[in-house]
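Copied from Swiss-Prot, the annotated features are:
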- His107: active site (ACT_SITE)
- Phe24, Gly25, Ser26, Gln27, Ser50, Ser52, Asp82, Glu83, Arg84, Gln85, Gly133: NADP(+) binding site (BINDING)
- Asp190, Glu194: Mg(2+) 1 binding site (BINDING)
- Asp190, Glu226, Glu230: Mg(2+) 2 binding site (BINDING)
- Ser251: substrate binding site (BINDING)
- 1-181: domain 'KARI N-terminal Rossmann' (DOMAIN)
- 182-327: domain 'KARI C-terminal knotted' (DOMAIN)
Amino acid sequence: MARVYREGDIGNEIAQKRIAVLGFGSQGHAHALNLRDSGCEVTVGLYRGSASWPKAEEAGLRVAEIPETVRWAEVVMMLLPDERQPPVFREQVAPNLAEGNLMLFAHGFNVHFNQVSVPPEVDLGLVAPKGPGHVLRSLYEEGKGMPALFAVGRDATGQARDLVLSYAKGIGCARAGVLETTFAEETETDLFGEQAVLCGGLSALLKAGFETLVEAGYQPELAYYECVNELKLIVDLIYEGGLARMRYSVSNTAEYGDYTAGPKVIDEGVRERMREILADIQSGRFAKEWVLENQAGGSSFLAMRRREAEHMVEKVGAELRALAAEGAQSPAGSPAGGESR
């Protein structure tokens, strides 16, 4: 079992360092605000004219352009989108790093697949909260924390491990627990989870279930409720207590169908394709494809985004959400669309 580091295991070295947070999106705003509220000295690095600049200032944070921010800092956390990181790092970050600095990333993609090259005299680390930034921030404000992974890619100073862990503590993650990993393991498992299960696999499963019912003549609205809308109820149960809690909470009929039908959906053919997806990630094939797609302007990516947005499941979902919102706004005792009884 991996060791879990908690607040009592970790020092406060990060509070003695000047920290640059590059980016002020979902993760950037949470890291910067949590660090500040933990007593750290933080500057947000952005490009001049960024829409996030006034937002960061309104939050009470110091903001400067990226080169200036990096020169000022001793610890630099890169929180720009993956596809924007390589040119920004090459042109604005790397030339301004000093010997003994700590360069941090929240995802290992660009380091693991050699899209950025951190100078050898600079420490290299990873702190990856396992959830979106707005949740990281809200948990911190509630006195709670979000689990995170950490890794040390290079320890040029002999102090990198303690400082990386201290950063994780500063953003509140040690309240929940911090697990050690490597850049390779974090990157490959994260990409696989996104592609085969959480995003790619799940999206395809939801659409396939919806389409199967609609093609069989069932109402699209019922197909949406059964195959998409109720997913949150199931996921919440799994989050609370695993698959066992979910199976305990559903009917015996649903549980029996889980055991008998599930293996028909996820059969050996699906498992083999999942192994192929993992192999493409491990070999760097997916990374190369994604890098080339961005270098070409992302036209294929944007076309897929537009096509998926036009799927019937999106239109039906939007209609049902609007109907639910209308019902929620109706006065008590006066059902929307009907007479008061």
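Note that Cβ sites are derived from N, Cα and C of the backbone, with glycine treated the same way.
A quick note: this is a predicted structure, and the numbers were derived from the prediction, not measured.
Sequence features, as recorded in Swiss-Prot, placed on the structure.
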residue : record                 : contacts (Cβ under 8 Å, 6+ apart)
Phe24   : NADP(+) binding site   : Ala32, Val44, Leu46, Ser50, Ser52, Trp53, Lys55, Ala56
Arg84   : NADP(+) binding site   : none
His107  : active site            : Asp82, Leu126, Ala128, Glu186, Thr187, Asp190
Gly133  : NADP(+) binding site   : Gly25, Ser26, Gln27, Gly28, His29, Ala30, His31
Glu194  : Mg(2+) 1 binding site  : Gly200
Glu226  : Mg(2+) 2 binding site  : Gly209, Leu213
Glu230  : Mg(2+) 2 binding site  : none
Ser251  : substrate binding site : none
Discussion item. Let me check the 10 A CB neighbour count of Ser50 (NADP(+) binding site). How many other CB atoms are there?
Written reply: 17
Worksheet item: So for Asp190 (Mg(2+) 1 binding site), how many other CB atoms are inside 10 Å of its CB?
Response: 19
Worksheet item: Just how many other Cβ atoms lie inside 10 Å of the Cβ on Ser26 (NADP(+) binding site)?
Response: 15
Fill in: Per DSSP, three-state class assigned to Glu226 (Mg(2+) 2 binding site)
helix
Worksheet entry | Mean per-residue pLDDT computed across the domain 'KARI C-terminal knotted' (182-327) | 97
Item to complete: Count the Cβ atoms, other than its own, that fall within 10 Å of the Cβ of Asp82 (NADP(+) binding site), considering every protein chain shown.
Response: 18
Practice prompt. Check Asp190 (Mg(2+) 1 binding site) against DSSP and tell me helix, strand or coil, would you?
Written response: helix
Worksheet item: Where does the residue listed as 'substrate binding site' sit in the DSSP three-state scheme?
Response: coil
Worksheet item: Can you give the largest Cα to Cα distance in Å, as a whole number, for the residues Phe24, Gly25, Ser26, Gln27, Ser50, Ser52, Asp82, Glu83, Arg84, Gln85, Gly133 that bind NADP(+) in the record?
Response: 19
